Amino acid sequence: MDTTVYRPLDPADPADAAGTPAAGPPAVRARSLRKTYGTGEAAVHALDGVDVDFEQGHFTAIMGPSGSGKSTLMHLLAGLDTATGGHAFVGGTEVTGLGDDDLTRLRRDRVGFVFQSFNLLPMFTAKQNITLPVELAGRTVDTAWLDTLVRTLGLGARLEHRPSELSGGQQQRVAIARALIAQPDVVFADEPTGNLDSRSGAEVLSFLRRSVRELSRTIIMVTHDPTAAAYADRVVLIADGRIAGDIADPTPESVLAGLDALRTLELPDGDRSDKAVRA
Amino acid sequence: MLRLTLAQMRRSTGRLAAAGVAILIGTAFVAATLLAGGVLTRTTNDAIAARFADSDLVMGGPQAFAPQDADAIRAVDGVAAAEPVTATSVALEAGSRTVYQMAVPAPSDPRFDPLEVVEGALPSGPGQIAVPQDVADRLGLALGDEVANVRYVWDETDPEADAEEVRDELTVVGTLDDPYGAYAQMGGAAVVSAQDAATWAEEEGDDGTAPAVMVALDDDASLEAVRADLLAASPQDATAQTPDEYAQEAAAAQTGGEEVFTYVILAFAAVALVVAALVIANTFQVLVAQRTRTLALLRAVGANRRQLARSVLTEATILGVLSSLAGLVVGAGLVQVALLVARGADLGVPLPTTVTITPAVVLVPVLVGTFVTVLASFAPARAATRVSPLEALRPADAPRAGSGAGRVRLVLSLLLTVGGFALLAGGVALGMSGSPDVGLLAGVLGGALSFVGVVLGAVFWLPRVVGVVGRLLARTGPTARLATANTLRNPRRTTATSTALLIGVTLVAMMSTGAASARTSLSAALDDQYPVDVMVIGNGADGTVPQDVVAAVTAVEGVDDVVPATDLYAELPDGWGLAPTAVDPTEAAGVVRSPDTIAGLEPGTLLVPEGELQNAGLRVGETTRLTGPDGQTLDVVVALGSSETSLLTTQDARALAPDATTTRLWVSVDDPSDTDVVAAVQDAVAESGTPVEVVGAVVERAAMQSVVDTMLAVVVGLLGVAVVIALIGVANTLSLSVIERRRESATLRAIGLSRRRLRWLLAMEGMLIAGVGAVLGIALGVVYGWAGAATALSLLGDVSFAVPWRDVAIVLVVALAAGFLASVVPGRTAARTSPVAALAVD
């Protein structure tokens, strides 16, 4: 369903930087998004004018070496942090410029999160953790949807367990269910396999992919693991605060190749990309 | 290791500071009590010592000094002057006013004179007087005016003769001021010549001896040498002390009251310190839990258990010393400020300008404060030794203070609780059956034991109560459910925090329940003694209260109802005289405080109080014949009455004494606490010119109640300190939770909890902890208060069990408000947490 193929990127061409939209409006967009830490000489441009679109119903990975700005990009897109300049949109809503209350509501109703360290509430059962966002919103839980999630994620037997009684992979699956329970426009996953062994990691990634394919969700995942990124429909490469490449239908090999290209082209000294290549 | 301890303390400054405040308040309380006690003692001592002015020694002892003893003292080498301490009382009359006043002889040496002359001079011979300035003002005297000392002298040779009035005309030669309060306790002193004083004393039958002799020494005399010579020259067992020594001994013998006062207040300070200890123990437990990784790392690199425990105890010692010193400064500062205010208010007692810092005042609070802190940190220190080196290698989970508790604790707390309550019940039973002293002893012991048991066992049941309350709350929404779940995560910490509050609240509730029961019981006792609010009693020849007085009293504002009554005299068949009061039962029902007063009063019945029943030899239920003043007779059935006098109906009274008039009015007032009504009634009656007397039970009732209320206010105020400390503990616990749950708060923010609701979440946790502590404390306090009232007040008759609903509501509201307030600062910290923090990996 996605026909985009990998090609070298020309950063000077705005059409390239904006990515290639598929059918329908993009779920998430960034326009000239900038984030600067510090001022004057000490200023660090974590994001230096990023334009990117993320299509609905796709599983997109954002990849880049440490310090490339991939996490900052996610924070800004999700409204977790404030931008220095530019615009970010979730659906038709501009996230940049929203007040805290509106941002809270946006996160509650239209955005889901999956964290590296799961972040389940230890005193609640798996089921209570999953339904918490809906309850916070003061709505009733859609039991049909909950059943679908539980079935898809294989959590049936674990619903009454507390996080401490679950394995890391199971905890992360509970976290995915929690992120999807409110049927959000988009789910942001931040290194979701970072705390898992490779088998649990693979399991979680295939669940994420199934969520996109079978439940028509939109997921944006930040990772520095090429194997993880290969589960996505598309990989957006980022380096030095700019979009540096775009890989459609990635494989671990094509992702590694893209990263290598980044290293040789963008970072001749290559000192910061060791983590990205390690996997 | 010390460097490490200090480094860890620096990292936990905020936590430690909050715990330190708890100790600070406790020690400030102790220091202030000791200092205030010191000020009281010193004020008393100074007042006694001031009397001796600048004398060098005071001769005292069990034996009084006769005039020749004083001469012997004067003869001792090195003695410049000696003067017996005497005083006589005079009645000074000028114009139509009389002032009763102590008078002292003019001193033979200026060193014996504590007074200052404002105007004029001291008397130089008989017939002269110097009076205190305020007496001169009251009597309208100026220098040179005449004033009479009016005395009554008995002729000893003729015991049958009446006393003869003697008037000594005296000339005012000076007015006096008493700057050191030397005679403040006697209401000041006038000065007369030594001759006059001796004459008057002799005529009053005084043998001329004195309890003490003041001695002034020659300039070059050695105090110790003269002291020895003086003792040799004096009666046996005499003492020779400096004025300060003498005053100290005299004050100690005189009262001991201040010390009792100090001990009572120190008991309250002890309660505050126990609560502070709970807060400290809690804080250290959490600090140890937070540092588990560091501690494990230390163990892994070779620190042994003892070193870790020592590190925690060192930390507690440093904290204890610093907070106790701060507490000492705060306590001393408070007393000093109070002293300045009191001096400014001019209480008529010369107060010292500054507090006296003695070694005890410094050492006791600091040592007690430090000791309590170190003691409280023992359990956490032991927890620190239990950290295994392995824990350094595990991923950092949220630190958990140990949950659950040992079986020993369960058994001990059960034994104490059950045994204590049994003892308490026994005490109540004893008290009710007429031995309140033994009952009280058993009750206090049982109450204390059971309370220790309840507090020890709190960890077993308090979290359950929180759970039940929480489940009820959880229906209100997810925030409440989160709050409940959070509160139950650390049952032990929640218990300790809630218990700290429970202790203070229990004591406050106990005192106010006890006071409320005492008030109601006293009120019931007063109702029996004074059946009506105000009585107007005829005082003329025939005791009649005329109609215009009735009208005048009825017209007074605040008077609710006026019922006429008649005092009768009737004789029983055996000649025993009774003085029943006759009223109309229907009318009287409207004015009596308690319907018991006139219960059973109907025509043909004579209500007799229990005491009178025996004296008159009457039995309840028997029919007896009353004979009126003019010979009329009436047969009545004897019934037991609860008021102080016998009662008859007006109807029967008419049969017995047809001519009897109204001699007494029963008056009820609109507002029983309004004591001004009595004065208004008195004024109204005075205008009528009829000789009547107004007796206001309402005044006595109000006075009695205000005594109970004042005592209660003081006690509750003192216990309030413990409650304040406990609330610091609540705030402390909440802010610890906030720190521990940083990532969790961020997650909640990320999945859609607004800042406001995050703050509200913490507020609910605070209110849940405080509310449960308060409710349980109130329940316990009410039970203890009732038990205490039942034991102690049973002598008063029927004990009423009152629940001071207003106080209970106030305590609960204060606890909830404070739980809420305690969450404000932690809540702000939590709300500042950026959702990004949820993404952070340690």
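Backbone N, Cα and C define each Cβ position, glycine as well.
Of the given residue ranges B:410-432, B:548-570, TrEMBL assigns the label transmembrane segment to B:410-432. Contact between the transmembrane segment (B:711-739) and the transmembrane segment (B:807-825) is present: at least three CB pairs lie under 8 Å, with pairs separated by 6 or more positions in sequence.
Highlighted: of the candidate stretches B:316-340, B:360-379, B:410-432, B:438-462, B:807-825, B:360-379 has the greatest count of Cβ pairs under 8 Å to the transmembrane segment (B:260-284). Nonlocal intrachain contacts for the transmembrane segment (B:760-787), taken as residues 6+ away from its ends with a CB within less than 8 angstroms of a stretch CB, comprise 424-425, 427-428, 443, 447, 451, 454, 462, 465-466, 469-470, 473, 479-480, 482-484, 486-487, 494, 497-514, 516-517, 726-727, 730-731, 733-734, 737-738, 748, 753, 801, 803, 808, 811-812, 815-816, 818-824, 826-827, 830. Note on the transmembrane segment (B:438-462): residues 405, 409-410, 412-432, 491-492, 494-495, 498-499, 502-503, 506, 772, 776, 780, 784, 787-788, 791-792, 794 of its chain, located 6 or more positions outside it, place their CB under 8 angstroms from a CB of the stretch. Taken as a whole, the domain 'ABC3 transporter permease C-terminal' (B:267-389) shows an average pLDDT of 83 in this prediction. Comparison of B:360-379, B:410-432, B:499-518 by number of C-beta pairs under 8 angstroms to the transmembrane segment (B:807-825) places B:499-518 first. Distant neighbours of the transmembrane segment (B:499-518): 271, 274-275, 278-279, 282, 451, 455, 458, 462, 708-709, 711-712, 715-716, 719-720, 722-723, 725-727, 729-730, 769-770, 773-774, 776-778, 780-782, 784-786, 788-789, 793, 799-804, 807-808, 811, 815; these residues of the same chain sit at least 6 beyond its ends, with a Cβ under 8 Å from one of its Cβ atoms.
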